[in-house]
């Protein structure tokens, strides 16, 4: 991208749950952008949204909408991104895509600025992908530990917030909570299910007073798409194509902020003090780990913040090469919107004359 | 115990959360007992509780209360059990203790009837212990798999219900839910904490709209007592004193029924069909595993039932010797009351002339 003056940024999917957070984040960060153009489906065109304190009209998605755009942030469904990201790239924009459409494309870098910023520069399709929100919950902390100790294996369990399933997920939990609060439900088989009726929204089971071991769609051999993606994305981002990764995804009644337990095995012995020091100084990571003082991260405190929060750092009792971690991250911020904005900023900072 | 006629059963802690469930279970199972004597602290003495359809007066805990008792079920705090279980044993009762006071005593068997029923017979102190509710959530299923494949390593993450922290845990969650239902809370840092104020009860953080990575008290090197106990108890029950076990315990806003994700590595290659067959036929286990039909266990359906429910059975993608499981069990039934009753039934069924 040959930059002369401040580049134009397009936000595609500006009216969605993540798009809304993107606009908030763009209003909070250093103002490196010229025009910020808001793009959404034709039915949202004409709406006005505030960005950097200015009411801005939403433009309908079209080829012409990308004219003059330097960087286009996409947060739209996979099938929309699959069609429109190449269109935007053909018009000269560098696309930063949050969907799953291009993440595993060998010609598309999968970027997390704190972990693999160099990958952004090689983008033969003009597209850079951001990973899914669950991978992003842990990958910044793991990247820092991997750089020091060399990662050898991951066993991960998720505690995923309902906003990972979009606005419908949040509405479903809110509606269910209103039905179960003030009752004695949760003590007899099926009583919560009967109370919420068919109101399970995007979830296969009630999510209030419950946990649901499922996220995504069914892949082969009983695995869910989300579990496979966390494995695939972690391997690509860390540059470890054969890393063993075992994941079980579970939805919990939390609005926003994913949590993960991580059992991470390394190439060599790990000291818990050394691990804590790495985490305490790694960019984008906050160490919150003093159980004696009741200090560990929880979604209620992490929501709305930018970093990856890490607590409960322990060395495995039976394996001096393994660490146990509990990690929290806001799935709408670093988990989606913030990571994309950071990638866009990396691209905008490239020396002129490129591309 | 020389059995002539039906033995007398004492329930010590009859008015507690688990004691209440014990009385329900005793009313549901085969009626092998003569007298059922209800024992509790002096302040509960004189209350009347229903068991087997009969109103029964609660007796105050005393030495004499154990006269003529064949088996005494204890569900009381550790420090009460430490004093009173030996008293009951000295009076001739076989004690089945649910507390943590004797679990790791080498002269006390730690029993799960489906897994190690033979251990109950050797009880030099006259005491048999039952494991904690989190261990019991998984151990029946793991025992069955271990018998076939030989267990080599466990990595476990818990999704623990608030009733594991007793009645106060349930009351805390109910009160918090009433404060957060119908609101937009859960989207800003600390907003849930401000809403619940000091009302976190037995938990160090709010548990509504949150998950809290802590259960028990602090042990060395950042581990919690509950995490250590799951390791110690699993090793003792399975007879694998050096089994590597890595656990992270997390509290979730569920009333009753613990869930666990389990990464279990075995001595030899495991087939997912073979594992499913073992789980489908193991006593005390229900296989609930058809994600295509939306079938996997969740607390909302498992609560109030007796078995261990297992779903999401997958072979690890990168290790043919490892399985991934999602396991649910009612922490008040099999996790506490039922396991103790089953042990008592084993003891009552011993041939006369023993002890």
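Each residue, glycine too, has its Cβ placed from N, Cα and C.
As recorded in TrEMBL, the features of this protein are as follows:
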- B:133: active site, acyl-thioester intermediate (ACT_SITE)
- B:258: active site, proton acceptor (ACT_SITE)
- B:15, B:16, B:17, B:18, B:43, B:44, B:163, B:164, B:331: NADP(+) binding site (BINDING)
- B:103: phosphate binding site (BINDING)
- B:160, B:251: substrate binding site (BINDING)
- B:8-123: domain 'Semialdehyde dehydrogenase NAD-binding' (DOMAIN)
Minimum Cα separation from the residue listed as 'active site, proton acceptor', reported as the residue among binding-site residues B:15, B:103, B:163, B:331 that achieves it:
B:331
Given the binding-site residues B:15, B:17, B:43, B:103, B:251, tell me which ones have a C-alpha lying within 10 Å of the C-alpha of the residue listed as 'active site, acyl-thioester intermediate'.
none
C-alpha spacing of residue B:17 (NADP(+) binding site) relative to the residue listed as 'phosphate binding site', in angstrom:
21
Please identify, from the recorded positions B:43, B:103, B:251, B:258, the residue with the sparsest Cβ neighbourhood, meaning fewest other Cβ atoms within 10 angstroms.
B:43
Which is it, of B:15, B:163: the one of these binding-site residues whose Cβ has the most other Cβ atoms within 10 Å?
B:163
Model confidence over the domain 'Semialdehyde dehydrogenase NAD-binding' (B:8-123) (mean pLDDT, whole number):
96
Between residue B:251 (substrate binding site) and residue B:163 (NADP(+) binding site), what is the CA-CA distance rounded to a whole number of Å?
10
By DSSP, how many residues in the domain 'Semialdehyde dehydrogenase NAD-binding' (B:8-123) are helix, how many strand, and how many coil?
36 helix, 29 strand, 51 coil
Name the one residue among B:15, B:17, B:331 whose Cα is closest in three-dimensional space to that of residue B:160 (substrate binding site); these are the binding-site residues.
B:331
